[in-house]
Every structure is written in structure tokens, then in C-alpha cells.
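The region 'Interaction with N protein' annotation in Swiss-Prot covers 200-216 and rests on sequence analysis. If you look up Swiss-Prot, you'll see 1-11, 63-75 marked as topological domain 'Virion surface', on the strength of sequence analysis. Marked as topological domain 'Intravirion' by Swiss-Prot on the basis of sequence analysis: 33-41, 97-226. The annotation transmembrane segment is assigned in Swiss-Prot to 12-32, 42-62, 76-96 on the grounds of sequence analysis.
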Amino acid sequence: MSNSSVPLLEVYVHLRNWNFSWNLILTLFIVVLQYGHYKYSRLLYGLKMSVLWCLWPLVLALSIFDCFVNFNVDWVFFGFSILMSIITLCLWVMYFVNSFRLWRRVKTFWAFNPETNAIISLQVYGHNYYLPVMAAPTGVTLTLLSGVLLVDGHKIATRVQVGQLPKYVIVATPSTTIVCDRVGRSVNETSQTGWAFYVRAKHGDFSGVASQEGVLSEREKLLHLI
């Protein structure tokens, strides 16, 4: 048996001694990944985002350390370590670039969510609400249930009246801003219940912050370039 091989007995002893600990750690890891969504638990969501944000610098540091260890020792692994370092750095830079491009449109911290590729923006009672989504939808549905406003099933605001449903909804992505106009609705003013459906009408380099008016203001029509 070579010196680099690990005896099966040592592996068995390690698993026997640390089985419960690894079971607990992996179970917690699964819970954080599966239920780490902001609509379920803000605590788990915060832990999940912290893990994702820490992985980039950790992986980059490990790749750089591997380059240092394999330099002038194993040129094959040194080459792979250099390649992994470059790939990790490029992915990390791309994340920050896309996050800042999205942030300049909507001015919300959701732009730095690693899981977010688009943000739905709307305004009710003068307050802007944002909903992060994986991709820009082709249509957006607002549902009002006894004054509770939901966007595609996600609770956004309470004590909303049917007359306050916006005439348009904005969907911002890193590369463009999509304006979705209201094309249909069905409301009941007595029970403050109903729905409104919005589809894509135009897109461009607009601000992703919804205005209080029913149409885009002149300020929002200006190019939002850095």
C-alpha cells in the first residue's frame, strides 16, 4: 500500500466517530438550501445568501493556494489551478457587473441577490415594491384578495384598494427595462378583490423605478446610462 493511499480502517473509524456530526451538518445544509427563500424564512434566507456570497472568495482563495502548492512541483495541476482561478475570478466579476447593472435600474438591494436575474417593480400608494425573479416573465399577474396584493402569488402589500392597482408594471434586467401595460382586469370594489394582467409593451434603457403617474414620466424616458 502506498503512502498516499488512505486505509479503509481509518475511513471507517472517521465515519463511525463523526457520523452524527456530519449527519447534522448536512441536514442543516439541506434545510438552508431547500427552505432558504425569503417568503418562508428570512433567517434561513440570510444564511443561504451568506453561504453563496462566501463561496466565491473561498473558492478563489483555494485555487490560488493550489497554484502556490503545485508551482514547480506538478505543472499539470498547476495549469489546472491557474485555469480554475481565472474561471472563478471571471464568474465573480460577472456577478458584480450584472448586479450593479441591475441596481442602477431599480436601486434596490435585491439586485445583489445571486439568484436574481430580473426584478419586478411596481408602485402602490406612493411606495415602490420589488419582487426578485429568476427570469423576466412574458406577463405579470396582480391579484387582490380582500385588500391583500399578491404578485404572481407572492404577498406584496396590504390594505390596497382596487382603484390603486397600477396601470403598468416594470420588469428590470441587467441589460434592459421592460414596461408591461395592463391589458385586462376583473375587480369587485365591495370585497376589494380582483386581478389585473400585464403584458410587455416596450423595452429600453429606462429607469426601473415605477412612478406615481399612470404613464412614464419624462425623467423615466431619459437614458439611464452611467
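Note: Cβ is positioned from N, Cα and C throughout, glycine not excepted.
The average per-residue pLDDT of the prediction over the topological domain 'Intravirion' (33-41) is 72, rounded to a whole number. For the topological domain 'Intravirion' (33-41), the number of residues in each DSSP class (helix H, G, I; strand E, B; coil) is 3 helix, 0 strand, 6 coil.
The list of residues near the transmembrane segment (12-32) in space but at least 6 beyond its ends in sequence, with Cβ under 8 angstroms from a Cβ of it, reads 44, 47-48, 51. When Cβ-Cβ distances below 8 Å are used as the criterion, the topological domain 'Virion surface' (63-75) is approached by residues 81-82, 84-85, 88 of the same chain, each at least six residues removed from its ends. Helix, strand and coil counts under DSSP for the topological domain 'Intravirion' (97-226) come to 21 helix, 58 strand, 51 coil. Taken through DSSP, the topological domain 'Virion surface' (63-75) splits into 9 helix, 0 strand, 4 coil.
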